[in-house]
Each structure stands twice: as structure tokens, then as C-alpha cells.
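Lifted from Swiss-Prot, the feature list:
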- Asp93: active site, proton acceptor (ACT_SITE)
- Asp93, Ser94, Gly95, Gly96, Phe97, Asp147, Gln191, Gly218: substrate binding site (BINDING)
- 249-255: region 'RNA binding' (REGION)
- Asp268: active site, nucleophile (ACT_SITE)
- 273-277: region 'RNA binding' (REGION)
- Cys306, Cys308, Cys311, His337: Zn(2+) binding site (BINDING)
Amino acid sequence: MKYELKTTSGNARRGRLTFSRPKGEYVVETPAFMPVGTYGTVKGMTPEEVAATGAQILLGNTFHLWLRPGQEVMKSHGDLHGFMQWHGPILTDSGGFQVFSLGKLRKIKEEGVTFQNPISGEKIFLSPEKSMEIQYDLGSDIVMIFDECTPYPATFDYAKNSMEMSLRWAKRSRDRFDELQNPRALFGIVQGGTYEELRKISVEGLVNIGFDGYAVGGLAVGEPKEEMHRILEFTTPLLPQDKPRYLMGVGKPEDLVEGVRRGIDMFDCVMPTRNARNGHLFVSNGIVKIRNAKYKTDTTPLDPECDCYTCKNYTKAYLYHLDKCGEILGARLNTIHNLRYYQRLMAQIRQAIEEDRFDDFVVEFYAKIGKEVPPLQSEVNK
């Protein structure tokens, strides 16, 4: 993987990731949003439909694909690309966050994490080394280190111990990744909770080990938005300029804009797909809750500014009808639209950075959805 920083507008970065794959070179323009394909599918969508929304890279879940269908099935198809028939780049998470989500069903030790398989109930063990091996078999283009996602709230001591263990796990991940002679990219993950000094130590430790990119982890786990913005604004300037930066599991359209304002290049979130299935649709001036009875007779498209298949062909009344009847097509059309909304947003962001008018774009974006522009920490401190 190669990263090229092309231009900036304030702290916002316009770049390009290039991946060499068996079927040729693939380019990902950044800032980029990655749709989530937890079980090797973006729910309800074919790979061609996902690509048609403008997505250039997907996210897969190591933890879920390891438990089902397992490494052997994956290897029998070549890798995850062959299994799901998506030939572009794939980033896989390490399984750390899913294990974190199991709560009382897991036990964290220095060696790794023992937990109860949520499918079969049997005890299984996941370590940094095992995570690297699974991701190697998945053929991931971007492999994430195995870390502990520090919960919120966490005391300073808990966050410190957790971050220090994540650094030791980062080194073990790096060592096993190198032993496997994996030609792909490996990203480090910054932890440290909401404590700036811990975030700084985490960044220094990761940069010392050396990675192809850096993710900011342990955010969007329940902390207030202001806290997330503060930590992001503190952390991103510490990261190497010549490597991509990834904000994990975030989020709403506003979160993407705020992340880019603070120097983030990559995002993923289940929000556009999950919300689509619940009739919660993102449009240029905010949100349409398609289950609202006022749409029953509405013959206008979802978003007149949108060029997706759904908006070009169907009315709000039809989408309301499909949802009311529980038709699968409703969820599919909604998903096509939400994913296209996110990709259009990223394209607009990239263009604004190229034209060095990103600050103006931010003002326009918030004006459209009827919200105030949140101040940057640097502005608050003036």
C-alpha cells in the first residue's frame, strides 16, 4: 500500500491510497468512507451495487468471519475477496472491539483474551498472533493490530494499564505480521481513553514500532462529542504526516466532517446501512424518517440532489409503502441511497479540500442541516 498526501485545506487532507492486487492496482481517494461488511457482505447488497455507490474499499470483521465460516472455508476460496467476490481493497479489524463488546463473557490477560463463543458457547482464545494469522488468511489489504478498546468511562490507571498492554500487543502483532511475510499494510491503533498524556505515549510507542498507517481507537464508545473532538484534535497532529489516519467506527455525517476538520483520512461505520434498514435516511438537508405517515402520499424523490438508483427511480410514497409492508426491496433501496449519500459527501469533501475551500464547505454543510458549526478546540482556547 502506498499513501500520497496531495493537498491540504486547513487541517483537512486530500490524499490517495494505492493497492496492488492480483487483478491490478486499486486506488482509494481520501478522505474515504468504508462501508461495513461484517459477515463478508454489506447487508442486502451485491458487491457491484456497493461499488456503484462509489465505495472503493470495504471493512470486514475478523472476529465474526473467524467464528463463521472459519479460516479453512476462507482459504478454500483463496481469501475473503474470492469468498465474497469483492476485488477491491478490504480493511479488516482485529477482533479487539468485538471482544471488548462481549463484556462479562471475556477475560483479558497478557497472553490474549479468553471468551465464550457467542455462537456455540465454547471457550476460545484470541491473541495478537492469532489475529494476525486470521487476517493473513482473509487476505486483508489493511490489517489492524490486536488491541484492547479502552471503555468509557475509565479511570486514569485503568486507561494507562490498558494502553500499555495494547502497546505490547502492537509489538507482538507487528512481529507476527512480519514472520508471516505478509506483503499487505499493517495499521497501529492509538489508545489512552480521554487522557491526552496517555494518547501521546501511545502515539510515540506505535511510531517507534513503525506502521503503515495509524488509527485513533477507543472513541465513539459512549463519551460526549466534545470529548471525542478534544482527543481527536490533540492526537492527530502527533501522527506522521506521510501516513494515513483512520478514525474507527465513526459515524454520523457530521462526525465525518468533524473528523476531516481534524486531519482524519479514513472512516467506517454501520450507521448508513443499519439506519437504512430502520427507515432512517440521510438527505442533503438532514434526515427523512420514511416511516412517518406524511410520506404515504409524497410523490417526490427522497433527495432531489442525489443521483442514486433509488432517488432517480422511486418516490417517498413507494419507499414508505415498501417499509410498511416489510418488503426486502425497501431495505435494499434505502441502503443504496444511504451509502450513496455517504460517498457523495466524501466526494464533496475531497473537492472542497482540492479547491482549498473546506472551511466554506463546513459552513454550507451545517447551514443545510440547520445546525451550528461546532468550534474547534483551538478556537475555544483563543
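Quick reminder: no glycine exception, Cβ is built from N, Cα and C everywhere.
When Cβ atoms from all protein chains are considered, those within 10 Å of Gly218 (substrate binding site) total 33, not counting its own. For the region 'RNA binding' (249-255), the residues of the chain that approach it from at least six positions outside its boundaries are 97, 219-220, 228, 267-269, 271, 282, 341-342, 345, 365-366, 369, 371, judged by C-beta separation under 8 angstroms. The Zn(2+) site is defined by Cys306, Cys308, Cys311, His337, and by the 8 Å test on Cβ atoms against their centroid, the other residues of the chain that qualify are Pro301, Leu302, Asp303, Asp307, Tyr309, Thr310, Lys312, Ile336, Arg340, Tyr341. Cα to Cα, Asp147 (substrate binding site) and Asp93 (active site, proton acceptor) are separated by 10 Å. In the structure as shown, the Cβ atom of Gln191 (substrate binding site) sits within 10 Å of 32 other Cβ atoms.
Secondary structure at Asp268 (active site, nucleophile), as computed by DSSP, is strand. Cβ neighbour count for Asp147 (substrate binding site): 31 (other Cβ atoms within 10 Å of its Cβ, all protein chains included). Annotation: Asp93 carries the greatest number of neighbouring Cβ atoms among the active-site residues Asp93, Asp268 [cut-off 10 Å, Cβ to Cβ]. DSSP assigns Cys311 (Zn(2+) binding site) to a helix. Averaged across the region 'RNA binding' (273-277), pLDDT in this predicted model comes to 98.
The distance from the Cα of Gln191 (substrate binding site) to the Cα of Cys308 (Zn(2+) binding site) comes to 38 Å.
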